[in-house]
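These notes are about the structure you will find just below.
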Amino acid sequence: MSSLSVYHVSSPDMPNKVLTHLEDIASTLAEHGVAFDRWEAATPITPGASQEEVISAYRTQIDTLMTERGYVTVDVISLNSDHPQKAELRARFLEEHRHGEDEVRFFVAGRGLFTLHIDDYVYAVLCEKNDLISVPAGTRHWFDMGENPHFVAIRLFNNPEGWVANFTGEDIAGRFPRLED
C-alpha cells in the first residue's frame, strides 16, 4: 500500500503523520506542487524487464503523458535483486539531489521510497505499482530502491538528455528511514 510519512528535519526517527489514503497523500503533496495519482498499470511486467518491453507495453500511457505534459524523453529503470550494479545504483540515488526539470515516475511494478526535502520537512512517499508521482524542478529529494530492488518505473523528462542530477552535498538522506526489503 502506498503511504506518505511526514517528518520534521530535526526528528528523523518519528514521523509527524503517516497517511495511507490516496486522497490524503495527494492533497498533502499538492500543497508543495507535487502531483501524486494512480494510473492503471494493467500489463504485467517483471522487474528486470528490458526498456523496450516496458515502453512497448505502456506506449498508450506514455504517449498520453508526453502529449498532455510536454515531455520529450522517456526511459525505464527496471531492477531486480540480481542486478549486478544494484549497490552502486542505490548509493547514487540515495544522495540528495535536484533536477532542473520536473521528475516524473510511473511505477508499473514493485515499489520504491521517493523522499522529498521541502523547507524544514521531509516527505517519504512509498510508491508502488500504479503510482504516478511528479516532483517539481528544483525540489531536493532522494530515492531508495532497497537492498534487494524489485521495481519498474517509467521516467519522463522535458530534457532530451534524460536524468541529470545536481547533487546538493548534504547528508540528510542518511538520517531518515530507508526502504525496508
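Keep in mind that glycine also has a Cβ here, set from the backbone N, Cα and C atoms.
Keep in mind the model is a prediction, meaning the values are calculated, not measured.
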Which of H117, H141, H150 belongs with H97, H99, E103 in the Fe(2+) site listed by Swiss-Prot: H141
Shell of the Fe(2+) site beyond H97, H99, E103, H141, same chain only (C-beta within 8 angstroms of their C-beta centre): R98, V135, T139, R140, A165
Cβ-Cβ distance under 8 Å to H141 (Fe(2+) binding site), same chain, at least six residues away: E96, H97, R98, E103, F114, T115, L116, H117, V135
